[in-house]
Amino acid sequence: MDSFYLSLLVFSPLLGIILLAFMPKGNEKGLKMLGVLATLPATVLALVAYFSYLGGTSLDSFSEQARWIQFGSFGAMDPNLFTVRYELGIDGFALLMIVLTSILATLAAIASFHIKKEWKGYFMLFLLLEIGMLGVFTAQNLILFFIFFEITLIPMFFLIGKWGYFDKEKAAYSFLIYNGLGSAILLIVIMVLFAKTGTTNIEALKILVNSPEQVLTPISDSLKMGLFIALLIAFGVKLPIFPLHSWMLRVHVEAPPSIVMLHSGILLKIGAFGLIRFGMGIFPEEFQELSVLIAVLGVVNLLYGAFLAFIQTDFKMVLAYSSISHMGIVLIGLGAYNEAGVQGAIFQVVSHGLISALLFFLVSVMYERLQTTHIANLGGLAKGMPLASGFLLAGAMASLGLPGMSGFVSEFMAFLGLFREMPVLAAVGTLGIIMTAVYLLRAVLAITYGKSDREYAGITDIRSFEWAPVLVLIGLIILIGVYPAVLSQPLETIVQGIGG
Amino acid sequence: MENAWLIPLFPLLSFLALLLFGKRLKEASAYVGILLTLASLVFSVIVLVGRLTGATYKLEADWLQIGDLQLTVGFEVNQLNALMLVIVSLVSFLVHTYSKGYMHGDQRFPVFYAYLGLFTFAMLGLVLSPNLLQTYIFWELVGVGSFLLIGFYFNKESAKAAAKKAFIMTRIGDVGLFIGMILLFWQTGSFEYDEIFASVHAGEVSGTMITLTAILIFIGAVGKSGQFPLHTWLPDAMEGPTPVSALIHAATMVAAGVYLVATMFPLFAASETAMSTVAIVGAVTAIFAATIGLTQTDIKRVLAYSTVSQLGYMMLALGAAGYAAGVFHLMTHAFFKALLFLAAGSVIHAVHTQDIEKMGGLWKKLSFTAPLFLIGTLAISGVPLFSGFFSKDEILIAAWANGNYILFWLAVIAAFFTAFYMFRLFFMVFSGKARSEMKNVHESPVSMTGPMIVLGILAVVSGYVNTPWFGTFLGDWLVEGNEALGHGHIEGPAWIMIVATVVSLAGIYLAYLMYSKRSISRDWFTSRAPTLYSIVVNKYFIDEIYQTTIVYATKAISLFLRFIEMFLVNGLVQLVTGIVRGLGKTGAKLQNGQIQTYGTVAFLGLAVLLLIFALTGGYLNG
Amino acid sequence: MSGVPVSAYLALALILFCIGLYGALTKKNTIIVLISIELMLNAVNINLITFSKLGMAPAITGQIFAIFVIAVAAAEVAVGIAILLSLYRNRKTVNIDDMNQLKN
């Protein structure tokens, strides 16, 4: 019961932070190496956990808890009342997210070799961010979840504000304001639930909140609906759902690409994770009631992002809008609210994490050499950097849902689910499949193919350390696309029985 | 037959090997590709021979679990795909061999072979698929292979545009297939072909649903097979290297649409509306593309439009319940059209231009290519004793027997046009005198002529597997054991064959008069109906129509949404930041440093709290 | 002794407290404000002693607390006056409105 496995996993980057603190500031190579090395223990531990799960270890055996905070003196009535424990644990979805997070963190750390200044502070914040992300997925109660959630915000703020591009401060502030408001709403929901039920443990809440006739807790149906809508908004900011998305565009454009890899790959997914874990877990009836709304929002996201991506002139903007569009597929899957849909949504969460990480890594590679990401200033990249543009094309193909790559499986399942519940809406949504191809090919072909006015002499193609992220990401994308059971197996128990 | 799954893996291996080691192998890459596709060909032939005597073989494995649903992957060997396997691997093998000469000296030689491998893998995988989902997967992969090969000369803006167009246009169709497939799944509970057909046969699916799904699936076929109105990408796809055009845009991939309709034939057959849709689209495409073919001057574009037109024939056959006729024409067309393209490639290789206005008098200079091109031309024109004659004849009979007399006559006129423009092409390229200066005209190397000879032989003899004179083996074998597919051979009046012969000979004669003997002026028609001519020569302005409607509409929607983004969404942002800033300012104002103000506020707050407490007793919602 | 009801003591304390509060919040002269605060403290003291003697559970704790408050108040006045004096020396004013140094 009390293995410290998850604590070890979540806090393993802390060791790196401490070691970094003792490193001299100017030792660029050493700092970068240490930064990468510090992310490795978490990756190894996460992979070991994944494979031992496949080997038959029960996920419950990973959970752990300790007494932490006690509010009031209700101990005499029930020792669990108004107690907040330090409790970590994972289910299949969380397991996948931890594996994804730790792998992406390592790859993003490698991508951070492109960072040009103040590596010490950068990597310390980076590792802190990783702790926050890992913690979010393992937290077993809402208060712990909230704390880890906030831990991700602060390093992000500094990472954007200090190491970003031209308009970095503005981006950092709009990130903070939106996410701050989102977490404030989340906090209200958590506090109301805590006050009403006396617990924040997710499993306990699932039972208490849904007790028939409000036997166990005094939460009226309208309050539940209110809480769920608040939750939807709180996580909707993160996801982001139209029209709460503008902060995320700025972050995508202004933050350093290695951070965007994590942001787009993991942080956006916290929104989806929260919606599935809490929204669907604690408020299943409300979720079902609003599923049409969620599906409509999904289709709106999908099309809105796609159409706007079509007219962008900066490749990073194209990718930013494409993220909005792809998060629409998550919503579509959730809105379907059946097994296929929810599984599709979770697949999309993982798959988009990998794909957007790949694309942003390539952006980082391009920017480092060419100092621009404007589509008009690129062009003919295939001539000077054939490998990079080959991978860019592969990434775009994955993103537009080419079978054999992970994007297809998730898109397919999400639509499979939605077609069962709302065929007309789903048919409108499939327009998004076409538009995705249109805007991605427009942007990617303009960059890779065509005539080049640029002198490519002296510009190297993908080199040494850059191979690792590219190959790992492409490998995973294809692995999931060809053999999706690697993801679907841990999800079986989660998906089973949803929507009846 | 148990090992049929190996067939697509050889080209995949070729793709991967060349991707990794292509740079080191340089032009030796060709041997890797050729040998591995040869292996595929050998296996395919073994499978076909096995299938001729044996029964359908099917093997499946779990792929994806969704709750209680279990999706599978696997492969199936039935008559249709055993035949397709041989066609695809044979043409692919020949094109691999041919490309060794054609692509010689190209910087990206290994990449070309790698892409060919990818495409062949996908196409063979498509053919082997036992269920719709797997078909869709390979369907898309085939599209990517085609996309990469069209854009092979990526430095050219036109190649870039063509690749993009091909991918997007076919994807529009693919979405139709996607929707149709999923709707069928929820109706029948399976993606498996046999289970879908069983369910349809048992009447578990409503009539409207059958029609709807069949038409949606047909939209997929329309996209892939370049049928009207999604045909515009196919002529543009000629930007790719010529061997690619032979393999993908003549013999295999574009035939995938026909193959799909043939595979789903029991579904289509269950809906009258769906069948007539297929037939009408096919016939319209056949005549429509043939008229455009009359006016083109780029050798490959003429062939491209003839491909579109011939695919229309196949669709017409399937729509007219002539299953065997459609598949038969698919086979013969694969051979003679691949031959034509390879021969055209050989011509282009020799003269370095694609404009037929600049060619002429090549008959003597290209002593191998010219006769082979002639064989292909005779076959496509439907001259008796060549393969195209038999298959086209079957289609015309099927159309007549089905009672679609209008479509029948459309097909006959299209046949006349076909004969005419194909011989126009032939005479302009090979007869008369050269119309521009041409240096270094030389016959192609053996690696190029060899495959052409093989195809030349097939273009003649492949028709004899299914003739009204010696027996309709192919047709009978294809429909064996499956009543839903109709008859292997449809009896029709004998005059149809005579009409077809007369029409094609008339077309040839007219072309001869105009372009070789020149007893009729070339401008005879254009000067009499200039408006009509300009419409046709501009391909009915279809591209322009799309440009001004769909493309602009997309742009307009995008701009409109940007407007929303700028004003509504950013307005929201302004609102949020405004509120935050406003709150901050108000808060700052309260902080005036006057201790007494603070005290007053604190006191009032306390008073309010006490008041609330006094009034409610401490419980806000009672 | 028993003639005076509890409410009288409490009313006295209340009146004293309100006067003190009013003075503390409105008077401009710092000395007066300080005196007003003393008034409020003493109002509290009266309450404490009242309950200590006449409350539901009479106990000596209340009176001890009152003494405690008186002691603290004395200390506070000493410090407060000292601060005021030094302020007056520096700024030549005892007007409370001029003392908004906290703001900047």
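Along the chain as shown, the residues are counted starting at 1.
In case you wondered, yes, glycine gets a Cβ from its N, Cα and C as well.
Note on the domain 'NADH-Ubiquinone oxidoreductase (complex I) chain 5 N-terminal' (B:63-113): mean pLDDT across this stretch is 85. Annotation comment: TrEMBL describes B:63-113 as domain 'NADH-Ubiquinone oxidoreductase (complex I) chain 5 N-terminal'.
The domain 'NADH:quinone oxidoreductase/Mrp antiporter transmembrane' annotation in TrEMBL covers B:129-418.
Sequence annotations record features per position, and here TrEMBL assigns transmembrane segment to B:6-22 (among others).
Feature annotation from TrEMBL assigns transmembrane segment to B:29-49 (among others). Outside the transmembrane segment (B:29-49), and at least 6 residues removed from its termini, the chain residues within Cβ reach (under 8 Å) are 1, 3-4, 6-8, 10-11, 13-14, 17-18, 22, 77, 82-83, 85-86, 88-90, 92-93, 96-97, 99-100, 109-110, 113-114, 116-117, 120, 124.
According to TrEMBL, the transmembrane segment annotation covers B:136-154 (among others).
What TrEMBL records for B:166-186 (among others) is transmembrane segment. Counting same-chain residues at least six beyond the ends of the transmembrane segment (B:166-186), those with a Cβ under 8 angstroms from any Cβ of the stretch are 132-133, 136, 139-140, 143-144, 146-147, 150, 196, 205, 209, 212-224, 230, 232-234, 236-237, 257, 260, 267.
Residues or ranges marked as transmembrane segment by TrEMBL: B:206-223 (among others).
As annotated by TrEMBL, transmembrane segment applies to B:244-268 (among others). Long-range Cβ contacts of the transmembrane segment (B:244-268) within its own chain (Cβ-Cβ under 8 Å, at least 6 residues beyond either end) map to 80-81, 84, 87-88, 91-92, 95, 98, 116, 119-120, 123, 126-127, 135, 139, 142-143, 145-146, 149-150, 152, 173, 177, 184, 193, 196-197, 200-201, 210, 213-214, 217-218, 220-227, 234, 237-238, 274-275, 278, 300, 303-304, 307, 311, 314-315, 318-319, 323, 326-327, 330, 333-335, 337-338, 340-342, 345, 482, 484-485.
Cβ atoms under 8 Å from those of the transmembrane segment (B:274-295) belong to residues 210-211, 214-215, 218, 222, 227-228, 231, 261, 267-268, 302, 305-306, 308-321, 399, 402, 404, 407, 410-411, 413-414, 417-418, 420-421, 424, 533, 536-537, 539-540 of the same chain, restricted to positions at least 6 beyond its ends. The transmembrane segment feature in TrEMBL is assigned to B:274-295 (among others).
Residues 80, 83, 221, 225-228, 231, 234-235, 237-238, 245, 249-250, 254-255, 257-258, 261-262, 265, 268-269, 275-290, 292-293, 296, 337, 340-341, 344, 356, 380, 390-392, 394-395, 397-399, 401-402, 404, 407, 411, 414, 417-418, 421-422, 425, 466, 472, 474-476, 478-479, 485-490 of the same chain lie 6+ residues outside the transmembrane segment (B:302-328) yet bring a C-beta within less than 8 angstroms of a C-beta in it. Residues annotated as transmembrane segment in TrEMBL: B:302-328 (among others).
As annotated by TrEMBL, transmembrane segment applies to B:366-386 (among others). Listed by sequence, the residues of this chain that lie at least six past the ends of the transmembrane segment (B:366-386) yet keep a Cβ under 8 A from its Cβ atoms are 306, 310, 332-333, 335-337, 339-340, 343-344, 346-347, 350, 392-393, 415, 418-419, 422-423, 425-426, 429-430, 441, 443-444, 449, 452-453, 455-456, 459-460, 463, 500-501, 503-505, 507-508.
Remote same-chain residues near the transmembrane segment (B:406-431) are listed as 279-280, 283-284, 286-287, 290-291, 293-294, 299, 302-303, 306, 309-310, 312-313, 316, 320, 347, 356-357, 359-363, 366, 370, 373-374, 377, 380-383, 392, 395-396, 399-400, 499-500, 503-508, 510-512, 514-516 (criterion: CB distance under 8 Å, separation of at least six residues from the stretch ends). What TrEMBL records for B:406-431 (among others) is transmembrane segment.
Summarising the annotation, TrEMBL assigns transmembrane segment to B:452-474 (among others). Within the chain, the transmembrane segment (B:452-474) has long-range Cβ neighbours (under 8 A, six or more residues past its boundaries) at 83, 91, 94, 98, 324, 327-328, 331-332, 335-336, 338-339, 342-343, 346, 368-369, 371-372, 375-376, 379, 385-391, 393-394, 488-489, 497.
The transmembrane segment feature in TrEMBL is assigned to B:559-580 (among others).
Residues 108, 111-112, 115-116, 118-123, 125-126, 129, 160, 162-164, 166-167, 170-171, 174, 177-178, 181, 220, 224, 237, 239-241, 244, 248-249, 253, 256, 260 of the same chain sit 6 or more residues outside the transmembrane segment (B:136-154) yet have a Cβ under 8 Å from a Cβ within it. Mapped onto DSSP helix, strand and coil, the domain 'NADH-Ubiquinone oxidoreductase (complex I) chain 5 N-terminal' (B:63-113) counts 29 helix, 13 strand, 9 coil.
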